[in-house]
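Step one of this worksheet: look at the structure below.
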Amino acid sequence: MERSLALANMTRVQQFILLGLSTRLDIRDALFAVFLTLYLLTLLENTLIIYLICSHKELHKPMYFFLGNLSCLEMCYVSVTMPTLLMGLWNGLYHIPFIACMTQLFFFIVLVGTECILLASMAYDRYVAICRPLHYPVLMRPQVCLGLAMISWLGGLLVSMIKTTCIATLSYCGPNVLNHFFCDVSPLLNLSCTHVALTELVDFISAIVILWGCFLTTMASYVAIGRAVLRMPSTTARYKAFSTCASHLVVVGIFYSVTIFIYARPKRIEAMDLNKVLSVIYTVVTPMCNPVIYCLRNKEVQVALHRTMHWS
C-alpha cells in the first residue's frame with residue numbers, strides 16, 4: 001500500500017533521453033556522415049528493387065512479390081530507427097517525448113514481427129517451388145501470396161499492439177536515460193519503477209512464438225528443400241535449385257542470429273553496448289545489404305536492372 005502511494009506521488013516521465021550510438025565527440029561527425037549515407041543508399045536500393053518488380057512482367061512472380069514486401073519493410077526499418085540515431089550523432093543527447101518513444105517502439109515491433117513471418121512465407125514459397133513444382137501455380141496463386149503478405153503485416157501489428165500496450169502502461173518515474181539510439185524493449189523495461197515481471201513474460205512469450213516459431217518453420221522448409229536437392233540426379237539441377245534459395249538463406253541467417261540473441265533470452269544480459277552494435281546490424285546494415293544480396297545471386301533481377309539502365 002505504501003509503495004503504491006509512493007509511486008502515485010512520483011512525477012511520471014514526460015520524455016526520455018537517448019544516449020545514442022556513441023558519445024565520443026571525435027567520431028560523431030564521421031559516424032553521422034556514414035549513417036546518413038547508409039540511410040540514403042538503403043532507400044535508393046530498396047526503391048529500385050520495388051520499381052524493378054513493378055515495372056517488369058517477368059518479375060511478377062510470388063518470389064518477387066515477397067521480395068517487394070521485404071524491400072518495403074526494409075525502408076520502413078531505417079525510417080523508424082535512423083532519424084533518432086542521426087539526431088543523436090548530430091546533437092549528442094537526443095530528447096524524445098514519451099508518446100514519440102512509444103510510437104517508435106510500436107512501429108519497430110510491427111516491423112520485427114512482420115519480417116519474421118514474411119521470411120517464413122518466403123521460405124515456404126521456395127519449398128513449394130522445389131519440392132512440389134507441379135502444384136506451385138495452385139499453392140502459390142496470387143490470392144495465397146496476398147494472404148500470406150497480409151498475415152505477415154497483421155501478425156506484426158497484433159504482436160506490437162500487445163507488447164507496446166504492456167510497456168506503455170508501466171510507470172516511469174526516473175531516471176529517464178535510455179542507453180540506446182532508439183526506443184527498444186529492454187532499455188525501457190530497465191527504467192520502469194514498477195514491477196515488470198508480467199511485461200517481461202509477455203515479451204518473452206511473444207519472442208518464443210514469433211521468433212522461434214517462424215525460425216523453426218523456416219528451417220523446416222529448408223531441411224525439406226535440402227533433402228529434395230540432394231535427391232536431384234544432376235549437379236546442374238542441384239546448383240540451380242540451391243541458387244534460388246542461397247540469397248534468402250543468407251538473409252535469414254543474419255536476421256535470426258542477431259534477433260534471437262537480443263530478444264529471445266529468458267534473462268536480459270546487461271550488455272547494452274553489445275546490443276546497440278547488434279541492433280545496428282539488423283536495423284541499418286541488413287536493410288542496406290539485402291537488395292545487394294538478392295541482386296548478386298539472381299539473374300532475373302540482374303537482367304531487369306540491365307534493361308532499366310539501358311533504357312535510361
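Cβ atoms here come from the backbone N, Cα and C positions, even for glycine.
Residues or ranges marked as topological domain 'Extracellular' by Swiss-Prot: 1-29 (among others).
Taken from Swiss-Prot, the feature N-linked glycosylation site covers Asn9 (among others).
Only residues 6 or more beyond the boundaries of the transmembrane segment (30-50), in the same chain, are considered here, and those with a CB under 8 A from a CB of the stretch are 21-22, 67-68, 71-72, 74-75, 78-79, 82, 85-86, 89-90, 284-285, 287-288, 290-292, 294-295, 301, 305. As annotated by Swiss-Prot, transmembrane segment applies to 30-50 (among others), with the evidence given as sequence analysis.
Long-range neighbours of the topological domain 'Cytoplasmic' (51-69) within the same chain, counting only residues 6 or more positions beyond its ends whose Cβ lies under 8 Å from a Cβ of the stretch, are 118, 121-122, 125-126, 129, 140, 145, 148-149, 152, 244, 294, 300-301, 303-305, 307-308. What Swiss-Prot lists as topological domain 'Cytoplasmic' is 51-69 (among others), and the listing cites sequence analysis.
Swiss-Prot lists 70-90 (among others) with the feature transmembrane segment.
Residues or ranges marked as transmembrane segment by Swiss-Prot on the basis of sequence analysis: 92-112 (among others). Counting same-chain residues at least six beyond the ends of the transmembrane segment (92-112), those with a Cβ under 8 angstroms from any Cβ of the stretch are 12-20, 23, 28, 73, 76-77, 80-81, 84, 153, 156-157, 159-161, 163-164, 167-168, 172, 182-185, 188, 210, 259, 263.
Among the features that Swiss-Prot reports, disulfide bond is placed at Cys101-Cys193, with the record citing sequence analysis. Within the same chain, the residues at least 6 positions away from Cys101 (disulfide bond) whose Cβ sits under 8 Å from its Cβ are Gln15, Phe16, Cys183, Leu188, listed in sequence order.
Residues 62-63, 66-67, 69-70, 73, 148-149, 151-153, 155-160, 206, 210-211, 214-215, 217-218, 221-222, 224-225, 228-229, 241, 244-245, 248, 251-252, 255, 259 of the same chain lie 6+ residues outside the topological domain 'Cytoplasmic' (113-141) yet bring a C-beta within less than 8 angstroms of a C-beta in it. The topological domain 'Cytoplasmic' feature in Swiss-Prot is assigned to 113-141 (among others); the stated evidence is sequence analysis.
Long-range contacts of the transmembrane segment (142-162) within its own chain (CB-CB distance under 8 A, at least 6 residues past either end) are made by residues 62, 65-66, 69, 106-107, 109-118, 121, 124-125, 202, 206, 210. The transmembrane segment annotation in Swiss-Prot covers 142-162 (among others) and rests on sequence analysis.
Residues or ranges marked as topological domain 'Extracellular' by Swiss-Prot: 163-195 (among others). With a cut-off of 8 Å between Cβ atoms, the residues of this chain six or more beyond the topological domain 'Extracellular' (163-195) that come close are 7, 10-13, 15-21, 80-81, 84-85, 88, 96, 98, 101-102, 104-106, 108-109, 202-203, 206, 262-263, 268, 272-273, 275-276, 279, 283.
The Cβ neighbour count for Asn190 (N-linked glycosylation site), using a 10 Å radius over every protein chain in view, is 14. What Swiss-Prot lists as N-linked glycosylation site is Asn190 (among others), and the listing cites sequence analysis.
Per Swiss-Prot, the feature transmembrane segment maps to 196-216 (among others); the stated evidence is sequence analysis. Within the chain carrying the transmembrane segment (196-216), a Cβ under 8 angstroms from the stretch's Cβ atoms is held by residues 112-113, 116-117, 119-120, 155, 159, 162-163, 166-167, 170, 185, 189, 256, 259-260, 263-264, 266, 268, all 6 or more beyond its ends.
Look at Swiss-Prot and you will find 217-241 (among others) tagged as topological domain 'Cytoplasmic'. Long-range contacts of the topological domain 'Cytoplasmic' (217-241) within its own chain (CB-CB distance under 8 A, at least 6 residues past either end) are made by residues 119-120, 123-124, 126-127, 130-131, 249, 252, 256.
Per Swiss-Prot, transmembrane segment is recorded for 242-262 (among others).
Residues annotated as topological domain 'Extracellular' in Swiss-Prot: 263-275 (among others).
The feature transmembrane segment is assigned by Swiss-Prot to 276-296 (among others), with sequence analysis given as support.
Proximity of distant same-chain residues to the transmembrane segment (242-262), defined by a Cβ-Cβ separation under 8 Å and at least 6 residues beyond the stretch ends, is recorded for 63, 112, 115-116, 119, 122-123, 126, 129-130, 186, 211-212, 215, 218, 222, 225, 229, 275, 278-279, 281-282, 286, 289-290, 293-294, 296-298. Sequence-distant contacts of the transmembrane segment (276-296) (same chain, six or more residues past either end, CB-CB distance under 8 Å): 21, 35, 38-39, 41-42, 45-46, 48-49, 67, 70-71, 74-75, 77-78, 81-82, 85, 179-182, 184, 247, 250-251, 254-255, 258-259, 261-262, 302, 305. Helix, strand and coil content of the topological domain 'Cytoplasmic' (297-312), in residues and according to DSSP, is 14 helix, 0 strand, 2 coil.
For the topological domain 'Cytoplasmic' (297-312), the residues of the chain that approach it from at least six positions outside its boundaries are 48-49, 51-52, 55-56, 58-59, 64, 243, 246-247, judged by C-beta separation under 8 angstroms.
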